[in-house]
């Protein structure tokens, strides 16, 4: 197949071949050869039709280009599709895991997996790779030819595996420049293992079990470009005494071995500039020979026991940096006379690291007299308690001085009276509580001063007098409680001020006003609760302000006044909280016209409800971080002012089962947004068209939510989308996700991470979303749905009509039996208690008590006893029984009919029971009173009432007052002359 590829490459360069664009996002690629009417000569041979046919067949027979957007174990990096990440995916079968990775991939990261073996031709389809990372696996075997085909690879990382020996495994890596084999179990390396690596520059074999340095030399001696060889933390004891030469080597590290000698007499390293032999056991190295290292510029002997008398200064004339730190104090400090004798004969020495070696201030004086240094590191010398007597007078050229991690508690200006050229001073991790006046005044050119991690409680501004050139001051992790406007008056040129990790609680008006040139101010990890108005006034050049990890909860009106050039504002992890979306009288950021980045992450109780004009004034903002808030409620157009926003992160806002709330039109004004992250928010659904205005969106991440369906409306108008991440959701294998399944598998523009591993989230299902059979979704169920729905509607209508009739009949039958029994009992056992039971609706109650009751129960004419619901029903008895008793104990039933009466179920029941009594007794016991005209069709559902109207006489309430006496006369006549017997005149009155 490789021969066929070469033919295709030659053809691509021919003007007679038209190539359909090799779009690596297609499933297949092919070549179409245009047939020329005349024979064309190519390399002395005729281009015949048979060859044309062969080439077309070859084009179609080549392995298909992998489907780019649906990997199982891997994902493309969201900002560069040429970078593929397969991290922490429990990969064991390498070939299967990377089979679907596109050919154009240049960077492949397979770290933190469970790969054990690299078989031959493992990466043959990834010839474009330049960076391959396989660290943190369990690789113990690399077969011959495993990397064949990777001619473009420049970096190979095999760190933290279980490789024990290195054989002929690197064939084909002709462009490799960096090979990392550290943290393995290598004991043996074949002499020809690295021969193919003709361009290798850096080889790391640190933290293995190598003891044979000769074997290493034999394996690397043929590498013409090797510059760096790292053998840190092995078990090498002796160097090779066979004549060898590594001409290109510039850096060699034996750090952390067990060297007994430093004899390079047989090894020619003419271009070696850096040699590290630090931490090499407890035994004294006596055999030292460095003559063959004429270009040596840096020598690290820290933690190595060596007799300095054996170091010949004449062989180190080009040495510029030397580390003589004493990490093993069991052998005592170095003799200062011996040190001075050596250093005094190194004319080019500029840097000396002398940690844990100086016993006191006198030792510094002695050391300073024998050298002319530019950088001196005296850190971690626990015997240094104070400096006050011109200890550095003999080092007037010194530019950098490190005194960190000592026990210093006192200094004065005499300490560095001669250090006129000092630009950097590190006094961190000491025991300074304060400094005397003018302590640093001689340091006219000092640009960097670190006082971090000292127990300083307050700042004496006079101590810093004279530091007019200072550009960076580090006061982090001290015990500072208060600062005021006098604290920084001595720093007119200060650009960076770090006050982080202190105990500052309040910032007063004008505290930083003298710092006109300050560009970066760090106040994170303090106890700030109150920021007075104009706390930052005067900082007209401030670019970055860090207020993270404090206790800020609100902002004064003029807090950020004067910060016209502020680009970065960090307010994360405070207590900023709002409880309403009402408009703020003073929007906090309205004057930050140039702000580019705003961090509001992790407010202790969540921002909760973001006010509607909270972001007013931030027209230049490009990056907004709102994630890690327990609660964020965005129900207005809060983002409308952010017209230039390109990155928005609202991830990690879930609080228990509560999810992030987003208004449907929240994003409508973010026309330039490119990156949107809504990860880990408990989102269960998305509002259609919510994101349709984000036409510039390129990266959209919704991973680790509870989404079940993704449909077309969610991604509508996202024309620039390149990366869409919904990994870790609960997508269901239903027809609702049919569009997403088909789109994600066929899109050529958008990458969906780990698409091929999305499981179906139905209980008991083991299938994947991409395997979902969508045949049932394509079946036209319209007619079936129509017939089913039509049948259901028809059945419902018939059943409703039938059930209404049946229920009425059942009730009718039930109460016929009951009425028959009760009526018979009343007839034989008791007399009537009432002349009439009045059946009326609650709406007509006023008419009954105002007109009917007075007319029939009161007055000089014949009166009647009426039974009324609220007055005469017996409490505690079932309402059905009360109605039945009222009808049975009354001679007649008065039905007061109105439109309201027809809609009352209780009235319907009363009519039915009265009809049963009429049916049983064969007497005219029902009197109908119509309060208003009612059309006949409205009585259709009241079939029994309709029948009564047809058979019985009814009386209508007259509109005219003059006709009402006649109306009542007719009612009395209908009720009859007979009244209730006197022995039954007692009434049951209900309050």
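Glycine residues also receive a Cβ, built from the backbone N, Cα and C atoms like all the rest.
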Selected residue, Swiss-Prot feature N-linked glycosylation site, from candidates 43, 152:
152
From 233, 888, the one Swiss-Prot labels N-linked glycosylation site:
233
What range among 742-762, 763-783, 784-804 does Swiss-Prot record as transmembrane segment?
784-804
Compare the C-alpha of residue 644 (N-linked glycosylation site) with the C-alpha of each of the glycosylation sites 93, 233, 357, and give the closest one.
93
Would you mind pulling the DSSP three-state label for residue 310 (N-linked glycosylation site)?
helix
If you count other Cβ atoms within 10 Å of each one's Cβ, which of the glycosylation sites 109, 271 has the most?
109
Distal contacts, the repeat 'LRR 17' (493-514) - CB-CB under 8 A, six or more residues away:
452, 468-485, 487, 520-539, 546
Would you mind splitting the repeat 'LRR 17' (493-514) into helix, strand and coil residue counts from DSSP?
0 helix, 5 strand, 17 coil
State the residues, same chain only, that lie 6 or more residues beyond the ends of the repeat 'LRR 8' (271-292) and have a CB under 8 A from a CB inside it; answer 'none' if no residue qualifies.
232, 246-265, 298-307, 310-312, 315-316, 323, 325, 327-328, 330-331
For the repeat 'LRR 20' (565-585), the number of residues DSSP places in helix, strand and coil:
0 helix, 4 strand, 17 coil
Cα proximity to residue 310 (N-linked glycosylation site), best match among glycosylation sites 93, 125, 233, 357:
357
So which of the glycosylation sites is most packed in, judged by how many other Cβ atoms lie within 10 Å of its Cβ, out of 152, 233, 357, 421?
357
What is the average pLDDT across the repeat 'LRR 8' (271-292)?
90
